[in-house]
Amino acid sequence: LHSAVTRIQVQRPGFNYTFAHICILNNDKTCIVDDIVHVLEELKAARSSNRTNFAITYPITHLKDGREVYNGHQLGGVTVHSKDRVKSAEAIQLTYYLQAINSLNDMVAEKWESIFCDTVELFQKSNRKVKMYPFTSSSLKEDFQKTSRVSERYLITSLILVVTLAILCCSMQDCVRSKPWLGLLGLLTVTLATLTAAGIINLTGGKYNSTFLGIPFVMLGHGLYGTFEMLSSWRKTREDQHVKERTAAVFADSMLSFSLTTAMYLVTFGIGASPFTNIEAARIFCCNSCIAIFFNYLYVLSFYGSSLVFTGYIENNYQHSIFCRKVPKPEVLQEKPAWYRFLLTAKFSEDTADSEEANTYESHLLVWFLKRYYCDWITNTYVKPFVVLFYLVYISFALMGYLQVSEGSDLSNIVATATRTIEYTTAQQKYFSNYSPVIGFYIYESIEYWNTSVQEDVLEYTKGFVRISWFESYLNYLRKLNISTGLPKKNFTDMLRNSFLKTPQFAHFSEDIIFSKKYNNEVDVVASRMFLVAKTMETKREELYDLLETLRKLSLTSKVKFIVFNPSFVYMDRYASSVGAPLQNSCISALFLLFFSAFLVADSLINVWLTLTVASVEFGVIGFMTLWKVELDCISVLCLIYGINYTIDNCAPLLSTFVLGKEFTRTKWVKNALEVHGVAILQSYLCYIVGLIPLAAVPSNLTRTLFRCLFLIALVTFFHCFAILPVILTFLPPSKKKRKEKKNPENREEIECVEMVDMDSTRVVDQITTV
């Protein structure tokens, strides 16, 4: 396999590049290869000469030239005899290092990596007994973007399901008052906003990534609820009013709350799109979401608003809601076939008594269900104890999950399944978990290496690690010879150049130090390095993260200036910041929203109830998310931030209607709030869940996390809107009896017109002019 890899050729005009042309070179101008290759070569030579005394030790072995080499990250699944002699190994890891010094070299190296994967897969077919897992510097990026390609047909299925359900949710038996086109146009409004944002991002040079898959669902939850709320407000207007007056009433009733929730979305995602967020993928996601939400607001005001006006004129003219044809009178319909009468069923205002006018929309299934059955059932005295008990069970399981929250740092969580990244990381964690990756320990200042105290300091900092550097061996060598005491600096540097560097034991020591000549021809050691390996379990990512943090703190407080580095630290940093930065931003946005909303809401109790509801929802989502095997990573944290806005979107109108209601009982206002806003919440929830279901079948860990988080957010929010809040609000503040307004004659004389409202139907039924 090694020979096949080194023979790979990248054809370019006039020249064929091989591994020897693009590899990183050693001091002797040969390609750097893993030491395990030299071990295998010596093992092969020993076998061919029938030598049986050749032994490999683990994790440090000796080569024929006297060098000690570390093989802890190159041999996996090792079984040892006594004295660390290797009996068998289940896995071997080979790494090839390529240069990227210019654009041509970078292009050749990228092509070489592609051919490398093909070569390994071809080699696998002819050697089926050995399983091979190729992985390159571009594999993670390719597998991350692969999620978009494997999601296409599932997203199309999701779109078809949402379109179908949105049309059904806005339909009713009455062919005049049915609004199927508004269901379709509402979804079109959301789609246009999403496409506008995507176009702006592309035109401004933004980079696409697979986290954008979550943006349509962010828009679906916010945009559809706004359109359904407007449609619900339309049903509350009087049919004998002009379309302009009905439209004005709709905007006055629904657009204030929609404007406030849109502002909250913009603030939350705006902070995420700011320089405070140090993850590019999260920043671009938040920026795209901000643009989409802003244009969705504009399109709802203009495009959807004008569509509502257009369908309003169709309704006022008694035209069919789908075919726009004039609906004939009932006496004319009696002469038509049954199927014709079924398609053109409608109530005419002149045939409807004043007491029945308010119920013309009750033929809508969801309106009828909430008003006739659900509102009375959920506020029933015998149902409330079971709801409270169920909430206590909910809190108990959420707490159990919350105590088990873990930060995600597994690369496989962000890529599609059945990819090279998944296979490689799975094999690496299975076979190479006994030791941490090799950590570079770099001293970047000129220190007195001949000083005993300095030697002690350096060795103390690396205590507890397996040290695999020749420089560390050299320091120990000095101490054993006891020549460091009183050793002048000049003698020290002369020994470096003349004595030890020529010793086979320290043949590669020149790679670990950097010399600098001064004006008087003296030589100084300006930098040095050693390599460390910690005895840990790589499957436990928390240990690696703790190791990184420990070494960093040590580098800030130590007497010797040094830095530590390993490529895996890049991913550790990524996941550390992917949780910390979004959480920090969400806390800032939450505080800002509380401050901002305090000046906008009509009653401070709305803020209190909204805060408690959001806290309860987020607590439950985090707990159940953990129980559902979802870790706290970049995707899940972004979903949690979205969950704050989604909860406010759905719960704020309910709470506002209840808190601001005066007179009557708490139960009466709970029913009123559910009748007014419950239909819109239920419609948007059904469309949202139906749109999410196909996402569960996408073969990608990223979409799996996305589906589980968004599904839990929608489910828990729905549970609070339709069960927890309606029950708790019936026996907790505010009290309605204390909020009655005192009537005095002076105020009454100033009133010209009083509208009497029937609370059962929330419709105006009469007007009385007073003097």
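Backbone N, Cα and C define each Cβ position, glycine as well.
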Matching range for TrEMBL feature annotation, transmembrane segment, among 180-201, 356-377: 180-201
Rounded mean pLDDT for the residues that make up the domain 'SSD' (151-310): 88
In contact by Cβ distance (the transmembrane segment (608-628), the transmembrane segment (710-732); 3 or more pairs under 8 Å): yes
Cβ contacts under 8 Å made by the transmembrane segment (608-628) with residues that lie 6+ beyond its boundaries: 394-395, 397-402, 404-406, 594, 597, 636, 640, 643-644, 647-648, 651-652, 655, 659, 708-709, 712-713, 716-717, 720, 724-725, 729
Distant-in-sequence neighbours of the transmembrane segment (154-174), which means Cβ under 8 A and at least six residues beyond its ends: 180, 182-184, 186-187, 213, 216, 220, 224, 228, 231, 345-347, 360-361, 363-366, 683, 686-687, 690-695, 697-698
